[in-house]
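Colleague: Quick paste of what TrEMBL says about this protein:
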{"type": "BINDING", "residues": "A:Thr112, A:Ser113, A:Phe140, A:Pro141, A:Thr142, A:Asp143, A:Asp212, A:His215, A:Tyr237, A:Trp267, A:Thr293", "note": "pyridoxal 5'-phosphate binding site"}
{"type": "MOD_RES", "residues": "A:Lys238", "note": "N6-(pyridoxal phosphate)lysine"}
Number of protein chains: 2
Amino acid sequence: MSAVSAADPAAIDPAAIDLAAIGAMDKADPLSAFRARFVLPEGVIYLDGNSLGAASSAALAELGKAAGQEWSHDLIRAWNSAGWFDMPLRLGDRIGRLVGAAEGQVVVTDTTSINIYKALHAALAMRPGRSVIVAEGGSFPTDLYMAEGVVSSRPGTSLKLEGVDAPTIEDLIDDSVAVVLVNHVNYKTGELRDMAALTRRIHEAGAMAVWDLCHSAGALPVELDAVGADFAVGCTYKYLNGGPGAPAFIYAARRHHDDIVQPLSGWWGHARPFAMERGYAGASGIQRFQCGTQPVLSMRALKGALDIWDEVDMTALREKSLALTDLFIALVEARCGQYGVSLETTRDRARRGSQVSFAHANAYEVMQALIERGVIGDFRAPATLRFGFTPLYTSYRDVWDAVGILEEILSSGIWKEPRFAVRAAVT
Amino acid sequence: MSAVSAADPAAIDPAAIDLAAIGAMDKADPLSAFRARFVLPEGVIYLDGNSLGAASSAALAELGKAAGQEWSHDLIRAWNSAGWFDMPLRLGDRIGRLVGAAEGQVVVTDTTSINIYKALHAALAMRPGRSVIVAEGGSFPTDLYMAEGVVSSRPGTSLKLEGVDAPTIEDLIDDSVAVVLVNHVNYKTGELRDMAALTRRIHEAGAMAVWDLCHSAGALPVELDAVGADFAVGCTYKYLNGGPGAPAFIYAARRHHDDIVQPLSGWWGHARPFAMERGYAGASGIQRFQCGTQPVLSMRALKGALDIWDEVDMTALREKSLALTDLFIALVEARCGQYGVSLETTRDRARRGSQVSFAHANAYEVMQALIERGVIGDFRAPATLRFGFTPLYTSYRDVWDAVGILEEILSSGIWKEPRFAVRAAVT
């Protein structure tokens, strides 16, 4: 066990780890019981929960109830009787607990892209003398595309990017900046930002902070209220296991609620949606970020997933996440280092999310070969092997076995076979 | 049968209709077999399919497969193997057949509200010298709220409303108008617009037409291509039976595809979403109206619903719809006319959607009493009883029985009991 509780992967001695040691780690895992709550396919080691989280029995049961009972039998009445109408707010509060937000500040609605649009507009409206949006050149692209969309519809505004207009995001923050849009964990490298320090820096410059939590919500403890974040967005289909394309969430700090102005002013954000009034009057509170009718069935799967999250201790989750990634880094470097893989993720625990990326010149082909052998990770262009570690259903044994298969694929060179070079539509 | 094939309800002799005549109508109904494809609760006459369409066995089966097989077992691979990624376009084409759109012009995505926002922005961008959006004061409110949102984010633009700024929409259309947003069927009165004539009038003034099909898609034949509509939006959870909050659709005429610019420029609308490029480059075609990741589970229920629609002849659907509403109007007027109900829907078949509204001073209480007796319609503020007629699963016997129950409620005055005045959150 000492190998796993070490502070960083360099402190692990891979030679000291064998199947017995791995078995001991799983036995000592305080989260191990959660695995039985998920429906996982046979013969698969799933290291892609950071793209699409696994299905749980609870999510499937909620979905079945929503469709087979509520929709089928209660029909329109279910909007009241089954609480469909309030679901975005109730689920928002439950996500709030996982991201450090007190009640009434998170709502589940629309997509991450659209919520970014809302948050950027709201932030710009609250900083009328300022015209610059700052974001990361290495951001998940849709963040930048949506920022471009905001700029296109607000004359006089502009977008500046870390890695393009300046080396670091801090270099870009001055008194022209209205809002900084930043990913808590980078989707590709797994780099974790210091949310407290960067939010402080943004506020010192008089700007607003919008945090994208897609790769941190459900992966590690997030403290939105404590760090004084202004807005945040995130998806629910990765670590939160809400189901494919499950609706996203948006957070606004309570101190901003009376000042939120955003142009996606649909009826679900109206103070009295069913009064059918002619003019828009925004609801008080986080409801003002709602727009149109939400996908109830997808949202009900998310509800089931969140039933499990209610039981999770986020500190234990984080400790296991780091132990899994420490172990994976140490084992891959020891056993596969000679085959052209090089670590893209930091060794520093304080700056690491719950994923590990390795560069390899033929990352696409290697990932296809891994998938054929049942180890499912992600390829990210141009040359990244990305592996997500979801502490609720990933075991130390999974890590051990995945590294063994990766070693076989690299040492045998089987990934060079032509079938692994065929490109699928979505990779 | 002669009573039902009459051109308008005034031509029906209610005294000539009895249970035997009703039975004959159902027996002769060419769409009667579709009813068995739906899961309908016992003891309910559902006249609210224009708020939330009924569940079908096909929709429930698709949902079960998507969740229990694809999500649970295929996991991330299902984006390719189960065709999740292309679903918005494939389902869009199937809706296209129902609304008169040739392939490649409809995509299923986001909500009606958000699609209105996209369409209005796109239309304004294509009419740079013009600044006015025209809409209907009696529109479903979210259309107006979204138009307000567009105006707020495009300095110099303004919104003019039928019923506020002029008596008719035609009076408002001049060469200052960039775009006219109009409901094909009014949500409250059921009034059907002449899409061909109004589109022609809009085009003569050099403006663009955005049609809201929420209450016509799946209710009657729509001919978007034939009338030369520019854009259209609609929901899929009413007549199309896609499930609660199922994603909406948006249409753009092919001639506009190269010119679409809209600010919700998310990664799903990018020409190469998985190349993870830094700058936004809109996809060609209708894909450019996509934005973020869509709710797959909700979309799969819609797929099941559309499997049924593939078999439906829209001309037969329209004929039955009119026969049902003719019959309902004639019977209600004959049997309930003395109890203070007055018709709000036109008697003119050419201007009638698939719903009938009656005004009653105590419409809320009367509707609550109807619902308690198993007749589910809608109350619409301030004083409208609204009944939707969905030809796929509503029979002539349903109409007959519903009118009988309405007559009992009105003649007995039972609706005056205090419990019927209690207001629910969503009505």
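Using N, Cα and C of the backbone, Cβ positions are placed for all residues, glycine too.
Remember, it's a predicted structure, so these values are computed and weren't measured experimentally.
Where in this structure would I find these features, and how exposed are they?
Modeller: The Cβ of A:Thr112 (pyridoxal 5'-phosphate binding site) lies under 8 Å from the Cβ of A:Thr142, A:Asp212, A:Cys214, A:Val233, A:Gly234, A:Cys235, A:Ala248, each of which sits 6+ residues away along the same chain. In this structure, A:Thr112 (pyridoxal 5'-phosphate binding site) is part of a helix by DSSP.
Taking Cβ-Cβ distances under 8 Å and a sequence gap of 6 or more within the same chain, the neighbours of A:Lys238 (N6-(pyridoxal phosphate)lysine) are A:Gly49, A:Asn50, A:Ser51, A:Leu52, A:Gly53, A:Cys214, A:His215, A:Ala217, A:Gly218, A:Ala219, A:Gly388.
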Colleague: For the recorded positions A:Thr142, A:Asp212, A:Lys238, A:Thr293, return the ones with C-beta distance to chain B below 8 angstroms, or 'none'.
Modeller: A:Thr142, A:Thr293
Colleague: Comparing the binding-site residues A:Phe140, A:Tyr237, which residue's C-beta has the most other C-beta atoms within 10 angstroms in this structure?
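Modeller: Result of the Cβ crowding comparison: A:Tyr237.
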Colleague: Test of understanding: give the count of other CB atoms lying within 10 angstroms of the CB of A:Asp212 (pyridoxal 5'-phosphate binding site).
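Modeller: Other Cβ atoms within 10 Å of A:Asp212 (pyridoxal 5'-phosphate binding site): 29.
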Colleague: Does DSSP give A:Thr142 (pyridoxal 5'-phosphate binding site) helix, strand or coil?
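Modeller: Assignment for A:Thr142 (pyridoxal 5'-phosphate binding site) reads helix.
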Colleague: Quick one: largest C-alpha distance among A:Thr112, A:Ser113, A:Phe140, A:Pro141, A:Thr142, A:Asp143, A:Asp212, A:His215, A:Tyr237, A:Trp267, A:Thr293, binding pyridoxal 5'-phosphate per the record, in angstrom?
Modeller: 30
